[in-house]
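First up is the structure itself, then whatever we jot down about it.
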Amino acid sequence: MSEFLRIAMAQFDFPVGAVAQNAERIIALIEQARDEHGADVVMFPELALSGYPPEDLLLRPGFLAHCQVAIERIAAATHGIVAVVGWPQSAGSVVYNVASVLCDGQVEQTYRKRELPNYAVFDERRYFEVDPNGSRCVFKVKGVPVGVLICEDLWFSEPLADTVCGGAELVLVPNASPYERGKHAQRDALLAERARETGAAIAYLNVVGGQDALVFDGASVVVDGHGRVHPAAAAFSDQWLVVDYMRSERRFVPLQWVVESEVSINALVWRAVVRGVQDYCRKNGFSKVWVGLSGGIDSALVLAIAVDALGADQVTAVRLPSRYTAELSNDLAAEQCHSLGVRLETVAIEPVFEGLLAALGPLFAGMAPDATEENLQSRSRGVILMALANKFGGLLLTTGNKSEYAVGYATIYGDMCGGYAPLKDIYKSQVFELAQWRNRVSDVLAIPPGVIHRPPSAELRAQQTDQDSLPPYEVLDGILSLYVDQEQSREDIIAAGYAAGVVDYVLNLVRINEWKRHQAAPGPKVSQRAFGRERRYPISNAYRG
């Protein structure tokens, strides 16, 4: 019986749908774990073969058949090491979320996930079934009894307890758990509790990378049999974790182990958004991006994110001044581009705007200017930016934040134009926090202080500020956090100290702008309740409450 078991944990990105490429990479990583790291066991994240979440690809028989062929090929290439690989298994008319144990050229065992999440961003019950006969997977490597669970299984006490009853003392848990604020602390507390309940040691491996609106943070850990959580991998980093499990003490000794000092929430959110932009571009064939730069804080923050994600040479900023654009706005945009080394172009919207006014003039005769003319300016900018991306290639990043998406303070087919929205899940007050944080952590000034300290304005009419139409952002975001993120009622929000008239005004804006959000570009989820797949409200909705 061996004193230790060496485990290689593959915290890498496995793109959705790239079955053949993922299979090739898994085989290469298995060989690397065996030959370079001397591992006895190598584990891969949940559904690593298909990527997570594959969504309705799982309804395509050809996709599932491709996965079956690929897992057999991986098994045939696995020798001198045990590999645990996640994939979607088709069995007749049903599909299971599984992790297979591969050894000596074949599939030795297959564990089927017991707990299928069907809340927030997860809808696994749409695709997967639970094995009616139950599922338990325990195997021995060098005399050590090892169990397997998958992600959500660990959030319930019974699956781990049952696996330990089956003889496991070390449990491997592949995951695909997306990032959100505060999740690390919640997860670590849960892992510690499960280990203390059972005395089992846990190797918790999470996938890393952006997938549309989801960003998986990795941040994998190991937990000893006494419930001590050992951070093992940097968040949002592609890397190996190699540890020796010391059986006599039920603890882990690091071989390849990255320990980070405590990371702030702002730092994690920044990494999530940067990784979201980076991977969305890479996985959809974009090497460069465009940003409409107004001299305001939202577009300035998006520009800094884009530079961190892709590099300054892959980012082009565009000023689009109008008759209402302050000279300070133009100057601040130029200052930021100079500081970051970003190419800056300028296209005045006045000719386009004037042309639209002239074309519509006969129909608008005798009517006072209103939001229509303001929106024409925004749509003029959208047309120009989309034309530049269309002509020269690249992805247009839209610059709206969560506060604006919530209350509709954005122009559909105007400033909402673009393919990805980096700030979609970040409230305006958090935009200011992130801008100040980004400036503190770099010698290069990312966002000019003048941008941060000036009153926010859309500059669509003379002397305009956001607070002409909206409550102060600290009030607005407080109400939105309660209503959107926490699903609190009007009465609860008023009881929290907000004026009834302001609450009614804000809640009505949220309700009547659902149609805009349904047409918004995707953006990285960083909160517990993001707009998109986890907040599915009807557009036609008579409920008030």
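Glycine is no exception: its Cβ is also placed from the backbone N, Cα and C atoms.
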Quiz prompt | Recorded ATP site member, picked from THR198, THR398, THR399, that accompanies GLY292, LEU293, SER294, GLY295, GLY296, ILE297, ASP298, SER299 in Swiss-Prot | solution = THR399
Exercise. Name the residue, out of LYS113, LYS183, that Swiss-Prot lists for the same L-glutamine site as TYR119, SER177, please.
Key: LYS183
Quiz item: If Swiss-Prot says ASN375, LYS516 bind deamido-NAD(+), which of GLU335, GLU345, GLU404, GLU487 does it name for the same site?
Solution: GLU404
Practice problem: Quick one: give me the count of other CB atoms within 10 A of the CB of LYS516 (deamido-NAD(+) binding site). | Solution: 20
Quiz item: If the L-glutamine site is taken as the center of the Cβ atoms of TYR119, SER177, LYS183, which further residues of that chain fall within 8 Å of it by their Cβ?
Solution: PRO117, ALA120, VAL121, PHE122, PRO178, GLU180
Exercise. Around the recorded deamido-NAD(+) site, report the further residues of that chain (criterion: Cβ within 8 Å of the mean position of the Cβ atoms of ASN375, GLU404, LYS516; site residues excluded), sequence-ordered.
Key: SER378, GLY400, GLY408, TYR409, ALA410, THR411, ILE412, GLY414, ASP415, MET416, ASN513
Quiz item: Going along the chain, which residues six or more apart from THR399 (ATP binding site) have their CB under 8 A from its CB?
Solution: VAL291, GLY292, SER294, ASP298, SER299, VAL302, ASP415, GLY418, ALA421, PRO422, LEU423
Self-check item: Site with most surrounding Cβ atoms, counting all protein chains shown within 10 Å, from the recorded positions LYS113, LYS183
Solution: LYS113
